[in-house]
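Marked as substrate binding site by TrEMBL: B:Arg160, B:Val161, B:Gln162, B:Asn193, B:Glu287, B:Asp362. According to TrEMBL, the adenosylcob(III)alamin binding site annotation covers B:Pro194, B:Gln246, B:Ser295, B:Met401.
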Amino acid sequence: MEQQLDMLVDKVVAELQKKLTEMARQTGHPKEQKHDEAAAHETAGEEQPVVAEEPVRMAQVPHPKWQEGLVELLDSTPARIGVWRTGVRPLTKTMLQLRRDHAAAVDAVYGEVSQPLLDEFSLFTVETQYDNTENYLKRPDMGRILNDEGVRLLQERCQKRPQVQIVVSDGLSASAVDANLRDVLPSLMDSLKSYGLTCGTSFFVKGGRVASMDHIGELLQPEVLVLLIGERPGLVTAHSMSAYMCYRPRKGMVESERTVISNIHRQGTSPIEAGAHIGTILSKMLEQKASGVKLVL
Amino acid sequence: MNLKTTVLGQTYQFRDLKEVFAKANEEKSGDQLAGIAAADSRERVAAKQVLADLTLADIRNHPLVPAEEDEVSRVIEAGINEKIYQEVKNWSVAELREYILSHRAGDSELKRISRGLSSEMIAASAKLMSNLDLVTAAAKIRNISHCNIAIGQAGVLAARVQPNHPADNVQGIKAAIYEGLSYGSGDAVIGINPVIDTADSVKDILLMTKEVMNKWDIPTQNCVLAHVTTQMRAIRQGAPADLIFQSLAGSEEGNRAFGIDVALLDEADELIRKEGTATGPNYWYFETGQGSELSAEAHFGVDQLTMESRCYGLARKYKPFIVNTVVGFIGPEYLYDSRQVIRAGLEDHYMGKMHGLPMGCDVCYTNHMKVDQNDMDNLGVLLSAAGVNFVIGVAMADDVMLNYQSTSFHDIAAFREVLGLRPAPAFEKWLEKMGIMENGKLTAIAGDPTIFM
């Protein structure tokens, strides 16, 4: 644990240094620069799992017909425009930025959720039948069923028939859990408390797919279940999380019986807001005894 | 019909045509997920050996998806020219492959024979081809289509500008269009995937793209890739659409999962002919991709390559302007790594061309596949060499709405430069008028999106 913490601190420091050098080299848009600086301070101030840097966007067209127009275009879309070229190929920096963002996305898929983070929320781990990441990707069916050990652990350690069951899973992005859990979970707990709802034993599922909630539902028979799971990573953000919610989950549920909030990340639905929102939806599910398309929100 | 063979001292007896078809495929995670793939290389080659000796009549007489149960099968059957089929029905699949690759068979010969072939026969020939066979065969076929302008001529590589925005912001979409045009992309179509699937939103985007086209006198066509029913509503409300779009599956059940059937496509076809804004005669934009039938559990136990070929059988009924396989979008459970994606891209392009379709490819991948941008470079060059009608242009290949990577505006310029290819003739003239291109090369102002402001 201590060793992991040390590694984490090292990573943060390295990241900070990288950012400072990058800033020193840049002579761009002042707004972008300030933004970067703020991010660097934030990273230094908190011992958080490191998340990828915000992309630095600067127009690279050397002699645009209309300079202000170019800024206007860039401000209107997150797409990588105004990047310029050498011959018919992109500039080195643009190309490396793309590769860096792709690396973050790949790491999100192949990465592992930080154990100290799971410990912090007393989440114990169960696994699906996924076996390894390659198999997880090729066989979505195996990520929907817990392995025998997982079934045993749930039966031993979890409260049966809880009102609300919270489950966390890495899904396709371990870093989505790293980046959002610390905000989303406390705000969800507060929200549940304010509605007077009680919660069973929360846990973490490694190698989970959305439909793993059906199997868990069979085993624990909660009134409602929420699964906080990492989404397929994109390049703009590799840290997006979804919350899938279901009234009385069981085998054979169809997609339309689930309610979902997607795009939970800093630039999307903020994780704190999402936590509160999930609490509201769960209370409505309990009131209406329904979820998915049948639920009136 | 002989389903038995011996390979390296081991005898293989296959159950039926379906099993031979599935096991003769190159390795794909989707066929493995469906539980129908060959167990190993030896079994794979055994299946290819059996398939090579089957006749085209064997394939037609043992339908993989019975016409009584499936309307896509009925469309494919109805499209076969009986006279041409009679000429070739006793050919083995090996003979078909060799004919297609022979010097006897040029563009017009292949177009003619295509009319006597079913989608399953074309799929069978693809299973016996190496990657270079697929490139060589496809390179012979030029399927030219015309909407507002013509694309698909020899020596032409067109591109769709795909200026998607995560919130459908019209200004943001416009910004990416300017970027694409300034690199010489956009001759195939200016096509937007909307986030919000409503008629109003589709109409707004169609109006904006038309306005840009009119203002700068751009010889191209516009399209918003919403569900076909949403586009139909927008068009009925007066939205200016040159093309109408829909994703296709290779079975009736698969299409039902997409919310369409042949009757609906017929209705949309009639509407775009009556109320579309383009010159024509080709008004459709279709997208396909291996694996969608399995994903919808609508594959009849048939392999994903064959189901993909059946999409093209359905597409050709509507004489589309453009068709593309979104080859790496569906995910690693269907195409696991770059080897599988490259193979599938070449197969789809070949099969589409053999169906007479103006075939393009979205050379692409998602971040959970074992693929990166280098692999897209490879497939892009291979397809450009194979004469692909068009590819997709996204700013730096990163689609910020669909969250996957495709090919970039830079890539399209590079494919053209390296292989001596040009934009569509009408579009190239316009690029010259705008000062973006000269003698087939980008000029010093190319890459500056503000020339359109």
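Quick reminder: no glycine exception, Cβ is built from N, Cα and C everywhere.
Set these features in their place in the structure for me.
Under DSSP, B:Gln162 (substrate binding site) is assigned to coil, being neither helix nor strand in the three-state scheme.
Its Cβ taken as reference, B:Ser295 (adenosylcob(III)alamin binding site) is surrounded by 20 other Cβ atoms within 10 Å in the chains shown.
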For the recorded substrate site, whose residues are B:Arg160, B:Val161, B:Gln162, B:Asn193, B:Glu287, B:Asp362, find every other residue on that chain with a C-beta no more than 8 angstroms from the centre of their C-beta atoms, and list them by sequence position.
B:Val189, B:Gly191, B:Leu225, B:Asn324, B:Ile392, B:Val394, B:Ser406
From the Cα of B:Ser295 (adenosylcob(III)alamin binding site) across to the Cα of B:Arg160 (substrate binding site), what is the distance in angstrom?
27
I need the CA-to-CA distance for B:Glu287 (substrate binding site) versus B:Gln246 (adenosylcob(III)alamin binding site), whole Å please.
6
Say you check the Cα of B:Gln246 (adenosylcob(III)alamin binding site) against those of the binding-site residues B:Val161, B:Gln162, B:Asn193, B:Asp362; which is nearest?
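Nearest candidate: B:Asn193.
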Which residues does B:Met401 (adenosylcob(III)alamin binding site) neighbour through Cβ under 8 Å, counting only same-chain ones at least six apart?
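The list for B:Met401 (adenosylcob(III)alamin binding site) reads B:Asn164, B:His165, B:Pro166, B:Asn193, B:Val195, given in order along the sequence.
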Within a 10 Å radius around the Cβ, which one of these binding-site residues has the most neighbouring Cβ atoms: B:Gln162, B:Asn193, B:Gln246?
B:Gln162
How many other Cβ atoms are found within 10 Å of the Cβ atom of B:Val161 (substrate binding site), counting all protein chains shown?
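So the Cβ neighbour count for B:Val161 (substrate binding site) comes to 28.
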Can you give the largest Cα to Cα distance in Å, as a whole number, for the residues B:Arg160, B:Val161, B:Gln162, B:Asn193, B:Glu287, B:Asp362 that bind substrate in the record?
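For the residues that bind substrate, the greatest Cα distance is 15 Å.
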